[in-house]
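A.B. asks: Supplied in structure tokens, the structure appears directly below.
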Amino acid sequence: MTEYTPMIKQYLEIKDKYQDAFLFFRLGDFYEMFFEDALNASQILEITLTGREGGTKEKIPMCGVPYHSASGYIDTLIEKGYKVAICEQVEDPKTTKGMVKREVVQLISPGTVMDERGLKAKENNYIASLYCYEGKEYGFAYSDLSTGELKSTVIEASEDRLINELTTLSTRELIVSESEKTVLSDVMKEQLGLTFSVHEEDTIPSENEKLVTRHMSLSEKRAIGKLLHYLKETQKRDLGHLQQAVHYETSNYMKMDYYSKRNLELAESIRGKGRQGTLLWLLDNTQTAMGGRMLKQWIDRPLIDRKKIIERQNDVSELMANFFERLELVENLKNVYDLERLAGRVAYGNVNARDLIQLRNSLYQIPRIRATLLSMNSKSLTELANQLDPCEQLTEKLEEAIMDSAPISIREGGIIKDGYNSQLDTYRDASRNGKTWIAELERKERELTGIKTMKVGFNRVFGYYIEVTRANTHLLPEGRYERKQTLTNAERYITPELKEKEKLILDAEEKSMELEYLLFTEVREMVKDYIERLQKLAKSVSEIDCLQSFADISEKNHFIRPTLSEDGSLHVKQGRHPVVEKVMGAQSYVANDCDLDENREILLITGPNMSGKSTYMRQVALTAICAQVGCFVPAEEATLPIFDQIFTRIGAADDLIAGQSTFMVEMLEARNAIVHATKDSLILFDEIGRGTATYDGMALAQAIIEYIHENVHAKTLFSTHYHELTDLEKELRGLQNIHVSAVEENGKVVFLHKIKEGPADKSYGIHVAELAELPKSLIERASRILEQLENENKKIIITNEKQPEEIHEEVQLSMFPVEPEKKTSSKETKLIKEIASMNIMQMTPMDAMNKLYELQSKIH
């Protein structure tokens with residue numbers, strides 16, 4: 001590095017400590033980037049790439065952004081998953097000889113964003129950490145730095161379990177050790193799309209020991225320690241707003257894996273990846289940002305505690321019964337700002353006067369919200385009201401100190417009210433009187449000189465001045481006016497009196513601003529003492545906001561309060577898919593019943609494509625989720641069990657990850673459900689077996705149904721195109737056939753979307769193809785093939801359209817000529833028997849791959 005200039009050497013020394021981040025290196029009014037950072041940033045940020053002399057023969061690549069507008073560029077990099085290290089000058093260049101000292105003052109990463117512009121109001125921004133204990137369990141901790149939330153748990157050392165937690169939280173960043181990162185599969189890293197940060201230290205920092213409770217396990221403490229150490233090293237400031245770590249058990253909530261949540265579109269649409277068209281979109285009428293975040297948490301983790309579900313239902317009932325009070329509550333909530341993130345910014349030291357005005361205005365609403373809740377004479381709502389802490393002394397202090405019109409800048413005055421501090425009032429009087437004197441001076445000088453256009457002005461460079469147009473300078477008396485600045489068409493002067501008054505005014509203004517900043521920081525420090533109380537208040541307000549949202553949505557959409565069954569039975573009368581109904585309109589939607597109990601555990605659903613089988617299945621699951629988050633449900637009547645888990649395999653929107661086929665994904669998801677489901681679970685399987693050959697698929701579908709019926713006993717909705725499976729109703733006591741009805745009118749199919757008992761009598765597949773506007777000749781050809789295949793129930797392989805060859809044995813249908821059947825060798829017979837004896841449903845994916853390799857070697 002000897003050939004580089006001192007400044008470039010300094011840059012490289014700092015960059016060496018932050019290899020995985022873009023280093024924003026402060027040079028004057030710019031943040032500069034060099035070398036590879038410059039090459040990459042210029043492309044990502046679409047800024048000009050230049051070069052700088054640095055002691056080498058060739059110029060060093062360089063690009064930069066103005067420091068006053070750097071936030072937007074930082075946000076862009078963070079949104080794309082990068083990290084940014086902010087390197088500032090920590091010495092005054094005017095008083096420093098030689099190289100100015102520079103240090104990284106903060107590392108900003110996807111999981112540590114604090115700037116409002118980089119955060120979504122109704123979404124948490126989670127950073128998580130992992131500690132693997134002897135390969136048996138994961139200590140798992142996560143935090144939202146912007147709100148101070150900190151939680152932890154212990155989960156099974158399984159990638160599936162880890163993925164479920166990370167996706168439930170929409171985690172932006174995961175902290176792991178180098179060894180842990182190596183263990184995690186590339187497939188997982190690619191699938192999650194989050195930022196991985198390597199950090200080894202995992203002991204609890206001494207100043208944060210109070211955040212951890214004694215009963216936590218070693219792996220949990222290590223995960224928390226790793227997270228806290230990483231935040232301490234990267235943020236380099238007080239993190240006093242971090243709350244005490246709350247231990248949670250995943251078993252206390254309904255479990256749904258990533259694919260089930262995606263298939264049901266709980267918080268993210270499959271199509272647009274946004275909220276539009278999701279259950280969260282429908283249920284969200286929260287008035288506060290923090291209420292919106294809590295609502296998403298509720299939907300991501302439905303309750304399984306009967307008492308807590310009923311408590312929420314009671315609150316929603318009371319709010320629905322008090323319409324006018326609820327309207328008043330909504331108006332009050334609209335004026336409550338994001339108390340959680342305000343508290344975070346206070347702790348971070350980057351809160352401004354307008355933030356404190358928002359805090360004060362929010363606190364004004366708390367007594368009103370409390371009074372409204374108490375007026376409803378509800379025991380449950382009274383308990384919520386009594387949790388509201390109005391922080392009266394803080395409200396009074398903010399009212400007394402901060403101006404309503406305070407600017408964003410905290411160093412230019414205009415923040416503190418008159419009368420708050422006597423010394424500040426003295427400085428202000430001096431400044432105001434001086435300005436009054438100057439205004440009077442302008443009038444007097446005009447009279448004295450007769451120059452009507454003369455004016456007294458001020459700028460930061462030259463201070464106060466008297467400006468006279470060049471045409472009138474001869475009217476000025478000699479010896480009294482001292483020239484200060486020459487302009488194109490005017491001259492600027494100063495007089496001895498103005499010079500004296502300028503010093504008094506500017507001294508007063510400077511002292512006034514210094515004192516105002518000091519007083520503001522004192523108020524800010526006082527607010528810090530209230531952080532914990534504000535965080536508790538924010539939680540209570542958020543809960544009230546979520547409950548009023550449920551009440552509002554339930555009323556507007558004609559939802560009813562469900563009953564929770566004791567015997568595991570499910571009875572829904574005229575149930576609706578809440579989101580589809582909202583999109584289509586209530587008049588267009590066809591409601592349906594659903595009944596499941598110990599004698600009717602499996603519903604086998606048949607019917608044509610596009611008839612509504614998948615929608616019906618989803619609506620049952622969404623009804624259960626609505627009930628277990630404490631909301632009312634879209635039905636005329638509903639009795640529902642408390643499901644411990646929901647498993648879904650719905651639709652064809654498969655992620656073909658890691659080169660897996662649709663069928664492999666299908667089987668993996670089926671295995672996940674069958675292995676983990678209990679009698680208290682809900683399983684939704686849509687067209688299982690469609691991804692493989694006809695008879696393979698049918699055989700697997702039947703075996704899966706039988707296995708669930710005999711071993712799992714979960715409530716199951718199973719849709720299929722294999723009409724042969726409807727005969728299972730005769731063999732399996734707990735299986736019932738239902739179908740989605742359709743009729744033909746004038747040769748066209750009409751979907752009625754109505755669920756009826758019994759199997760479908762026809763598939764209408766060709767009619768659906770016709771609706772899709774396939775070529776007419778193709779439709780006609782398909783109709784002829786269908787007619788031939790249905791003839792006498794014989795399976796036919798078409799070798800020539802005019803001379804069909806009848807085949808009476810069961811074979812897979814083909815549209816092409818087939819080779820004559822060859823005699824099976826003894827070696828092949830052994831392989832077939834070995835394959836037939838394999839227990840596929842009990843195999844892990846790795847076992848299956850090893851077995852496949854073994855069989856392949858026997859063939860060769």
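From the backbone N, Cα and C atoms, a Cβ is placed for every residue, glycine too.
Take a look at what Swiss-Prot says about it:
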BINDING   G607, P608, N609, M610, S611, G612, K613, S614  ATP binding site
A.B. asks: For the binding-site residues listed here (N609, S611), tell me which residue's CB has the most neighbouring CB atoms inside 10 Å.
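C.D. replies: Answer by Cβ density within 10 Å: S611.
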A.B. asks: An 8 Å radius from the center of the G607, P608, N609, M610, S611, G612, K613, S614 Cβ atoms defines the neighbourhood of the ATP site; name the other residues of that chain inside it, in order.
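C.D. replies: The surrounding set, listed in chain order, is V740, F751.
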A.B. asks: Can you check which residues sit near G612 (ATP binding site), meaning Cβ under 8 Å from its Cβ, same chain, 6 or more apart in sequence, and list them in order?
C.D. replies: V590, V740, F751, H753
A.B. asks: Excluding near sequence neighbours, so keeping only residues 6 or more apart in the same chain, what lies with its CB under 8 A of K613 (ATP binding site)?
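C.D. replies: Looking at Cβ-Cβ distances below 8 Å from K613 (ATP binding site), excluding near sequence neighbours, one finds I605, G607, D686, S719, V740.
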A.B. asks: Among the binding-site residues listed here, G607, P608, whose Cβ has the fewest other Cβ atoms inside 10 Å?
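C.D. replies: Ranked by other Cβ atoms within 10 Å, the binding-site residues G607, P608 bottom out at P608.
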A.B. asks: Counting Cβ atoms within 10 Å across all protein chains shown, which of the binding-site residues M610, S614 comes out on top?
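C.D. replies: Counting every other Cβ within 10 Å of each candidate, the maximum falls on S614.
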